[in-house]
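J.: The active site, proton acceptor annotation in Swiss-Prot covers ASP316 and is backed by sequence analysis. The phosphoenolpyruvate binding site annotation in Swiss-Prot covers LYS22, GLY95, ARG123, GLN172, ARG347, ARG390, LYS414 and is backed by sequence analysis. Look at Swiss-Prot and you will find LYS22, SER23, ARG27, SER170, SER171, GLN172, SER197, ASP316, LYS343 tagged as 3-phosphoshikimate binding site, backed by sequence analysis.
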Amino acid sequence: MEFLDLAPCATLRGTVALPGSKSISNRMLLLAALATGKTQVHGVLEADDTDRMLEALQQLGIRLAQQAHSRTFCIEGCDGRWPVRQADLFLGNAGTAFRPLTAALALAGGDYHLHGIARMHERPIGDLVEALQGLGAVIEYAGTPGYPPLHIHPGHVTPGSTTRVKGNVSSQFLSALLMALPLAGGGTVEVEGELISKPYVDLTLRLIERFGVTVGRDGYSRFTAEAGSHYRSPGAIHVEGDASSASYFLAAGALGGGPVRVTGVGRNSIQGDIRFADALAAMGAGIDMGDDWIEAQAPASGRLRAVTLDCNHIPDAAMTLAVAALFANGTTTLTNIASWRVKETDRIAAMATELGKLGALVETGHDFIRITPPDQLTPGAAIDTYDDHRMAMCFSLASLAVPVRINDPRCVAKTFPGYFDAFASLRA
């Protein structure tokens, strides 16, 4: 197995330019493909997940061109009518491609087979499929019911229909439905139960609006796209830096003295994970923000405070808090993280196992993790990453106290291929 050994380094400082947001990149690419007109999307993330979306769009007949030596893509939209009506799409483990494309293909009509790697076939999609069937889509499971792979067939979608979706598994299901509603000639989605990860739904709605469609809403319980809604190109649009990726560097500043500044995202970000900075501040870190940057440094006391925090609003960035808890002065509890269990791996179980290797006392439940740090971290732990990019990036922070080995470090290619180079650039 390939591994990366990180030597201990107690002090980190510097500036990191963030790559584009994965969540924004894949949403913008899909909306540009569905719109009328040509769209220039600037700053698209270069990573496995966006590659899967770009490849799928090309297979579906979308004309796109990348500007030389840049991450700008010119996309000629299809006005909601996919040029290719039959395709076999491999989407890896990219949930931000698989879920939205499932909805956009099911409501537009055609014959499609969607599949991915083994882990993608373990990630639930049944709630989204049922909601799409409620709008008249015809979808069958090609393997285990409730999970990919999927076969999509031409359906009988009735404009203005109403469907329901559960809100407690993944907000990506609702986001996928919202982006696809204009393809159905408008309609309504009602949310059953408490919606998790609300900031990601807000992000989706903001981007939909940038492409000329306004979705009416009743809080987070009911969303309606009016009949006749059509996506229109905004001309040019820019992808923010990835706020989830910012969390590792901001934590590095809080744990390693700092200051560490990230650029590409700031106080006006449309991403919910920007609130990770608030969580660090609650732990005592010094936080400062500008329009296009955030900076973190260690508390004046030199050590973070333990916290109890509801992480519903920052599910991805909350993983970074779990590792930061190793450096806090007591027991930290992170709650409302049930969605961790259906991500790239069961992140609650994986996090508990790997924190334990570093000497932490860890307690877990269905939707929480509680971490009590040891007096001294165990040096030389070999951290398994479970083919999960965020596990690899989170546990690099342990090297602020002890030497650590990261197994399968290349898994960061899913969202941030250059992560370890960027992390190394902060070593004083």
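Glycine is treated like the rest: Cβ placed from N, Cα and C.
Please go over these features one by one and say how buried each is and what sits next to it.
T.: Secondary structure at ASP316 (active site, proton acceptor), taken from DSSP and collapsed to helix, strand or coil, is coil.
Less than 8 angstroms from the CB of LYS414 (phosphoenolpyruvate binding site) sit ALA47, ASP48, ASP49, ASN93, ALA94, GLU344, HIS389, each of them six or more residues away in the same chain.
If you draw a 10 Å sphere around the CB of SER171 (3-phosphoshikimate binding site), it holds 27 other CB atoms from the protein chains shown.
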J.: Just name the winner among ARG27, ARG347, ARG390 (the binding-site residues) by count of other CB atoms within 10 A of its CB.
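T.: That would be ARG390, with the most Cβ atoms nearby.
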J.: Just to verify a number: CA distance, LYS22 (phosphoenolpyruvate binding site) to ASP316 (active site, proton acceptor), in angstrom, no decimals.
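T.: Distance between the two Cα atoms comes out at 12 Å.
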J.: Measuring Cα to Cα, tell me the gap between GLY95 (phosphoenolpyruvate binding site) and LYS343 (3-phosphoshikimate binding site) in whole angstrom.
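T.: So the Cα of LYS343 (3-phosphoshikimate binding site) lies 9 Å away from that of GLY95 (phosphoenolpyruvate binding site).
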J.: Taking Cα atoms as reference points, which of the recorded positions ARG27, SER171, SER197, ASP316, LYS343 is nearest to ARG390 (phosphoenolpyruvate binding site)?
T.: ASP316
J.: Measuring Cα to Cα, tell me the gap between ARG123 (phosphoenolpyruvate binding site) and LYS343 (3-phosphoshikimate binding site) in whole angstrom.
T.: 7
J.: Who sits close to GLN172 (phosphoenolpyruvate binding site): which same-chain residues at least 6 apart have their Cβ under 8 Å from its Cβ?
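T.: Residues satisfying the criterion: GLY95, THR96, ARG99, PRO100, LEU128, TYR200.
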J.: Between LYS343 (3-phosphoshikimate binding site) and ASP316 (active site, proton acceptor), what is the CA-CA distance rounded to a whole number of Å?
T.: 9
